[in-house]
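To keep things clear, I will list the structure first and then write my remarks on it.
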Amino acid sequence: MSDQHIPAWQRIKIKQTQKEDGSNDFAEEDPLNITTHLATGSLTKKEKQKLIRGDNNTNKIAKKKVKSNSRKKEKLAKDVREEIKRKTVLKDQLRYLIDFYLEKVSDKLPDDVQDLENVKINYPEEKLQKKSDEELGVVDVWKFSKQKQNWLIKHFFNVEELPLEYNELIMQYFKDLKGETLKQSISEKCQKKIEEWNSYVERELVKMKEIVEGNDQEENSEGNEDTEKQVDGDLKKNEEELEIPPNKDVASRCLKLITVWGSDNGQELKTF
């Protein structure tokens with residue numbers, strides 16, 4: 001018998017002692033069994049691998065847990081990213097317009113523009129006022145750009161690309177716009193936008209009047225069945241006539257521009 005062999009009664013006693021101490025570290029792998037195997041030299045291949053790997057296996061498990069816990073950074077929705085970009089990034093064309101205003105019109109931007117988040121981020125306080133720059137000996141010289149001017153003309157009717165806060169700046173820029181043919185083309189488009197808005201208001205006023213008069217007729221009507229038919233007919237008619245309204249902000253911008261150019265002919269925007 002080998003010196004390392006432990007009698008059965010002694011093994012039972014050791015197990016009871018381990019349970020009382022709360023030590024279950026070797027619950028799954030009984031060291032006594034391993035001792036017996038070592039004594040007899042009958043270790044299985046799997047048991048030998050476990051003994052050889054030892055702590056290495058534990059490290060692998062720990063690494064796997066770390067990888068599983070590390071999550072990829074969740075991407076924001078596309079519309080949210082675009083909104084953040086719109087508020088923080090200042091387009092070169094808008095920067096061009098701001099520089100023009102500070103150089104040619106005033107040493108201070110209108111409050112609506114100055115309060116914009118992307119202007120605050122991209123324009124330090126000292127750069128917003130031309131005089132303070134001159135005192136420091138740093139003067140930004142504005143240079144005309146045909147490409148940027150074309151962008152301003154193209155997006156004049158788009159309040160998403162050219163926000164309403166820039167109305168004062170764009171009016172000052174277009175006030176002395178060169179090229180009568182170009183100005184006439186823009187004026188005609190502006191006239192069309194104004195007419196679209198005024199026509200829309202007129203149609204809506206007629207609809208509102210018809211609805212009011214229809215309600216009055218309903219109160220004075222004696223035949224409920226005829227009244228229901230009339231109401232159903234009016235609803236169907238209204239559904240058929242639903243339309244996307246023109247943008248009032250665009251029409252207002254157009255009216256301001258042709259007024260600056262003196263070609264408004266006393267026009268005004270109609271309201272409800």
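Cβ atoms here come from the backbone N, Cα and C positions, even for glycine.
Noted in TrEMBL for the protein shown:
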- 33-43: compositional bias 'Polar residues' (COMPBIAS)
- 44-53: compositional bias 'Basic and acidic residues' (COMPBIAS)
- 61-72: compositional bias 'Basic residues' (COMPBIAS)
- 213-225: compositional bias 'Acidic residues' (COMPBIAS)
- 226-239: compositional bias 'Basic and acidic residues' (COMPBIAS)
- 95-192: domain 'WKF' (DOMAIN)
- 1-72: region 'Disordered' (REGION)
- 213-244: region 'Disordered' (REGION)
Counts by DSSP class (helix H/G/I, strand E/B, coil) across the domain 'WKF' (95-192):
65 helix, 0 strand, 33 coil
Mean of the pLDDT scores, which run from 0 to 100, over the domain 'WKF' (95-192):
90
